[in-house]
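Quick notes on the structure that follows.
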Ligand SMILES: Cc1ncc(COP(=O)(O)OP(=O)(O)O)c(N)n1
Ligand SMILES: Cc1ncsc1CCOP(=O)(O)O
Ligand SMILES: [Mg+2]
């Protein structure tokens, strides 16, 4: 079964919380609570609601950006990008038991996160997406192939999650490049039944 990280998103139809519930209902075992526009208190309230539900379903819960909150709420980890707290600083604060993911768009980003002690890499975007503003350059399949081959050459062994504009049909070719998992948001939330779409993805790949 493909390793799937679901990225929460608020849409016309769903709140971030509802989006996470549907992914969990569909069998997703890894939720990233990403509430870009929300104040910290709101993220905290949603995370507090989500934490027991993830626990019940044996799903990992990580927060996008909010290191201090992840520590306070004792969720499983955080995902950090270029504009967030540096990974080595987050590691100091969180210790070894928290999962820390780092965003990479180039091999240089990979090396930096590897040295800083990241547990996994979110590499993207695969293609253009409206889920995130200020996107880095699109990588396509070639981008993943190139970065993964540079990682192999440099003996950098870190799980890689592909992200950004990925749809159901893209998944086999992306996995063929050697990535370890995928992160999805829009393709699940645009489906008529997002829980069913999550299940379809997990049962197909
Ligand atoms: C799995 C995964 N990969 C990349 C990102 C992007 O993180 P970041 O660059 O910090 O951008 P924002 O998500 O904070 O807008 C991610 N969240 N998850
Ligand atoms: C958070 C993030 N980082 C790079 S692309 C992206 C959005 C992923 O969502 P979608 O699957 O809808 O493109
Ligand atoms: Mg971020």
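Keep in mind that glycine also has a Cβ here, set from the backbone N, Cα and C atoms.
If you look up TrEMBL, you'll see 4-187 marked as domain 'Thiamine phosphate synthase/TenI'.
Marked as 4-amino-2-methyl-5-(diphosphooxymethyl)pyrimidine binding site by TrEMBL: 32, 33, 34, 35, 36, 64, 103, 132. Sequence-distant neighbours of residue 103 (4-amino-2-methyl-5-(diphosphooxymethyl)pyrimidine binding site) (same chain, 6+ apart, CB under 8 A from its CB) are 79, 80, 81, 82, 109, 121, 122, 123, 124.
Under the DSSP three-state reduction, residue 84 (Mg(2+) binding site) is assigned to coil, being neither helix nor strand. What TrEMBL lists as Mg(2+) binding site is 65, 84.
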Could you give the Cα-Cα distance between residue 35 (4-amino-2-methyl-5-(diphosphooxymethyl)pyrimidine binding site) and residue 65 (Mg(2+) binding site), in whole Å?
9
Do any of the binding-site residues 32, 34, 35, 36, 65 touch ligand 3, in the sense that the CB is under 6 Å from one of its atoms?
65
Determine the binding-site residues, out of 33, 64, 132, lying near ligand 1 in the sense that the CB is under 6 Å from one of its atoms, and give them in sequence order.
64, 132
